[in-house]
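Copied over from TrEMBL, here are the features:
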DOMAIN    20-319  domain 'Amidohydrolase-related'
BINDING   H22, H24, K108, D256  Zn(2+) 1 binding site
BINDING   H24, L25, R26, N50, H145, L228, H260, A272  substrate binding site
MOD_RES   K108  N6-carboxylysine
BINDING   K108, H145, H183  Zn(2+) 2 binding site
ACT_SITE  D256  active site
Amino acid sequence: MSTIDPIEIPQSITITRPDDWHLHLRDGAALASVLPHSARQFARAIVMPNLKPPVTTTAAAGAYRDRILAALPEGVTFEPLMTLYLTNNTDPDEIRRAADTGFIHAVKLYPAGATTNSDAGVTDLRNCYKVLETMQEVGMPLLVHGEVTDNDIDLFDREAVFIERVMRPLRRDMPVLKVVFEHITTKEAAQYVAEAEGPIGATITAHHLLYNRNEIFRGGIRPHYYCLPVLKREEHRLALVTAATSGDERFFLGTDSAPHAVHTKYAACGCAGCYTALHAMELYTEAFAQAGALDKLEAFASLNGPAFYGLPVNEGTITLERKDWTVPESVPFGEHQLVPLNAGETIHWKMA
Ligand SMILES: NC(=O)N[C@@H](CC(=O)O)C(=O)O
Ligand SMILES: [Zn+2]
Ligand SMILES: [Zn+2]
């Protein structure tokens with residue numbers, strides 16, 4: 001993967017322990033399989049609520065948090081930062097209850113039908129204005145899967161159209177609401193976030209920093225590179241790399257690691273999602289090294305996210321070494337198997 005002269009790149013890099021600000025942990029036996037991968041690298045993660053059924057109440061989020069903590073291996077510390085799934089019917093009182101818990105850190109907007117397990121999502125954000133006002137009042141961030149779902153809008157344009165049709169009107173009407181534009185994939189989104197007024201941040205995945213849409217079709221159709229929002233053209237990847245390595249504190253790490261059992265990826269209608277929790281920090285380090293910006297990795301991975309969420313920076317550090325290793329072909333996923341991104345490929349950085 002690396003394109004830079006090896007002598008310019010250090011043999012190792014040590015940074016403050018990072019967090020993952022966008023993660024899918026699933027539930028049950030699947031949760032127990034994937035959780036150690038994240039906990040090995042990250043101290044905390046914003047845990048997505050798109051379970052079946054979705055996590056729509058404070059009580060459900062509390063129970064899910066308990067299951068996550070119970071699934072942690074002996075002696076491993078990891079703090080799940082819980083979220084609620086916004087629906088057309090979310091009650092403003094639920095937001096107040098959530099804010100009072102101290103363990104619910106955000107509310108997630110899935111436009112209905114936009115992605116995996118989004119059927120219960122919001123059909124029209126105007127249904128939610130009372131709830132959004134309450135969120136604004138109590139300082140609860142709104143995390144946004146930013147894609148329109150209209151069938152007349154091209155799949156590759158759905159994020160850019162979302163900015164104009166949903167993001168700008170929303171933020172004009174709710175100027176104090178903290179918003180995270182999740183897993184941004186386009187130069188339009190990167191530019192919007194960099195220039196917008198008011199409290200806004202964005203997460204960027206490792207795969208959108210490393211790959212453009214050719215990767216989905218290289219030598220044949222490769223379902224493990226299919227996620228939503230889908231990988232975009234090279235010019236967009238370059239804009240994301242520029243944003244992530246800029247030092248701008250609005251941009252922070254969110255893997256969007258989204259595990260799906262192998263038989264649901266190799267299917268006539270395969271699921272969207274890339275599994276990167278296994279080697280996330282190695283992939284981000286690769287992306288920053290390729291850009292000659294390893295000095296900007298710590299801000300992106302460990303400092304900007306806590307600043308946005310008003311949480312302390314982690315204690316302790318992690319070290320990544322320049323060392324080749326091969327990503328396994330598959331890993332257990334409950335009673336099934338899961339194929340990680342880059343399965344069978346050589347990665348040039350390894351967590352020490
Ligand atoms: N990113 C994905 O492609 N899939 C995610 C959902 C999401 O984050 O949109 C999933 O839960 O599988
Ligand atoms: Zn999403
Ligand atoms: Zn996601």
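Positions of Cβ are set from backbone N, Cα and C atoms, glycine also.
Everything TrEMBL records as a feature, shown here on the structure.
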residue	record	DSSP class
H22	Zn(2+) 1 binding site	strand
K108	Zn(2+) 1 binding site	strand
H145	substrate binding site	coil
H183	Zn(2+) 2 binding site	coil
D256	Zn(2+) 1 binding site	coil
A272	substrate binding site	coil
Chain-internal residues near R26 (substrate binding site), provided their CB is under 8 angstroms and they sit 6+ positions away: V34, L51, P259
Residues among the binding-site residues H22, L25, R26, K108 that border ligand 1 - Cβ under 6 angstroms, in sequence order: none
Binding-site residues close to ligand 2 - of H22, H24, L25, A272, only those whose C-beta is under 6 Å away: none
Binding-site residues close to ligand 3 - of R26, K108, H145, D256, H260, only those whose C-beta is under 6 Å away: D256
In the chain carrying H260 (substrate binding site), residues 6 or more apart in sequence that have Cβ under 8 angstroms from it: T116, G270, C271, G273, Y275, L338
Alpha-carbon spacing, H183 (Zn(2+) 2 binding site) to L228 (substrate binding site), which is rounded to whole Å: 9
Lowest local Cβ density (other Cβ within 10 Å) among binding-site residues: L228, A272: A272
Cα-to-Cα gap, H22 (Zn(2+) 1 binding site) vs H145 (substrate binding site), nearest whole Å: 11
Zn(2+) 1 site shell beyond H22, H24, K108, D256, criterion: Cβ within 8 Å of Cβ centroid: L23, I46, M48, N50, L143, E182, H183, T203, G254, A258
Alpha-carbon distance [N50 (substrate binding site); K108 (Zn(2+) 1 binding site)] in Å: 9
Those residues of the chain, 6+ apart, with a Cβ under 8 Å from that of H24 (Zn(2+) 1 binding site): V47, M48, N50, D256, S257, A258, P259, G273
